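Peer 1: So TrEMBL lists the following for this protein:
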- 42-77: domain 'EF-hand' (DOMAIN)
- 86-113: domain 'EF-hand' (DOMAIN)
- 1-26: region 'Disordered' (REGION)
């Protein structure tokens, strides 16, 4: 019997006997909608630690690339864009870096975004 795309019925789409039907990753298993994934909101101390960790050259300033890497580790969907926005928000002297004097503004900006560790 030849089946064309779109013509398969649920009877035709049976799972072969050699495959373990209890496998949780199996595509034929229904997706449970009652499972809730709970995350933990990132704290101020964690944000400080993350930015300090991503100061790659340890010069006390964060470049756009270092900010991008830090936002990526926080789970930002667009870390490059977020780094650019952070620089626009916190870089008071416009030198393209977040210095120690501007660090508090960066931390407050990041906390307002509401990042969550899952």
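Even glycines carry a Cβ here, placed using N, Cα and C.
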Peer 1: What are the DSSP helix/strand/coil residue counts across the domain 'EF-hand' (86-113)?
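Peer 2: For the domain 'EF-hand' (86-113), the helix, strand and coil counts are 15 helix, 1 strand, 12 coil.
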Peer 1: Under DSSP, the domain 'EF-hand' (42-77) has how many residues in helix, strand and coil?
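Peer 2: Final tally across the stretch: 20 helix, 1 strand, 15 coil.
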